[in-house]
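Peer 1: Can you keep this structure in mind? I'll have questions shortly.
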């Protein structure tokens, strides 16, 4: 009962943080990241006993919590993949995306091999992809909030979608390569829209409900939910059908902001033993994990914008480089996926969560923070964060 009360109180804390942040001009996801990265570690270090009914291990132990986490994770991952699949490729966005992906990806691979000495090619690949990831939903909200030009916004969003599609797709293929039978089952399940369409089904919700149900099933059974999601949505795109959320946009926005994101952040943070995490890596290693992804991503963004013929002035390129470096919900979902599969350690998880927070706050430094925070009333083509 005590554990249940604690989990009921956590969303209220995040709601309060979001309300306070909105008053200060911050997007809700930024306020929630601040609470998760700064508030929860202090709570676990000084407010929770090492063992007993309220220890970290006890808080993440209930079976119902794992099921609820799996449901929220499947909904968020499906939502993000739906944004990624909605893609119109243009040459300028492709020119921006290539260096913006390759430079941080190669920097992440080098860090995994020589700095952290990670074992296993999957862990090294995952770190490279974490360095390169962008954040479509929060980038879209930022651009809308500052009244950015429509053509420039479209170019940046298309670039972010290309980058994220490459990251999710590469990891899905790498993850599925070691289990051929599960890979075959995943690909067959991803072809379900083609079978449903052949049977005469035309309502988008009839395709979306099986999608989210199978996402949850693959996630709970240890299957490749990521590869299934990408394959399923590619089939939907081929049929010209949208992914329809099983909730109204206003209800989905409420569920995402006040339940799904707080649950994902808290569930991940509470699995980190901070004393052991700090002891496992030196301060220089942890600092490098915060700074290297940002520096390499900014360098890749700058090269891409120069190649694509972006803003002519240095200030314009710097502004768009910072905007493309924004992380957020996409990074959180990917980090939780890797932590759950033990691809990365809790220390790496927390350091990269801090990096995500710093990256998302950086645009405020040169004065391009949102003038006012306005939540969209309907699902945009690029989601909401």
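Backbone N, Cα and C atoms are what each Cβ position is placed from, and that goes for glycine too.
Per TrEMBL, the features are:
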TRANSMEM  27-46  transmembrane segment
TRANSMEM  58-81  transmembrane segment
TRANSMEM  101-118  transmembrane segment
TRANSMEM  125-143  transmembrane segment
TRANSMEM  155-174  transmembrane segment
TRANSMEM  181-197  transmembrane segment
TRANSMEM  209-234  transmembrane segment
TRANSMEM  255-272  transmembrane segment
TRANSMEM  278-300  transmembrane segment
TRANSMEM  347-369  transmembrane segment
Peer 1: Is it true that the transmembrane segment (125-143) and the transmembrane segment (278-300) have 3 or more Cβ pairs under 8 Å, skipping pairs fewer than 6 apart in sequence?
Peer 2: yes
Peer 1: Are there residues at least six beyond either end of the transmembrane segment (278-300) with Cβ under 8 Å to its Cβ atoms? List them, or say none.
Peer 2: 99-104, 107-108, 111, 115-116, 130-132, 321-322, 324-325, 345, 347-348, 351-352, 354-355, 358-359, 362
Peer 1: Is it the case that the transmembrane segment (58-81) and the transmembrane segment (181-197) have 3 or more CB pairs under 8 Å, with pairs at least 6 apart in sequence?
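Peer 2: No, the stretches stay apart by this measure.
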Peer 1: Does the transmembrane segment (209-234) make contact with the transmembrane segment (101-118) through 3 or more Cβ pairs under 8 Å, each pair 6 or more apart in sequence?
Peer 2: no
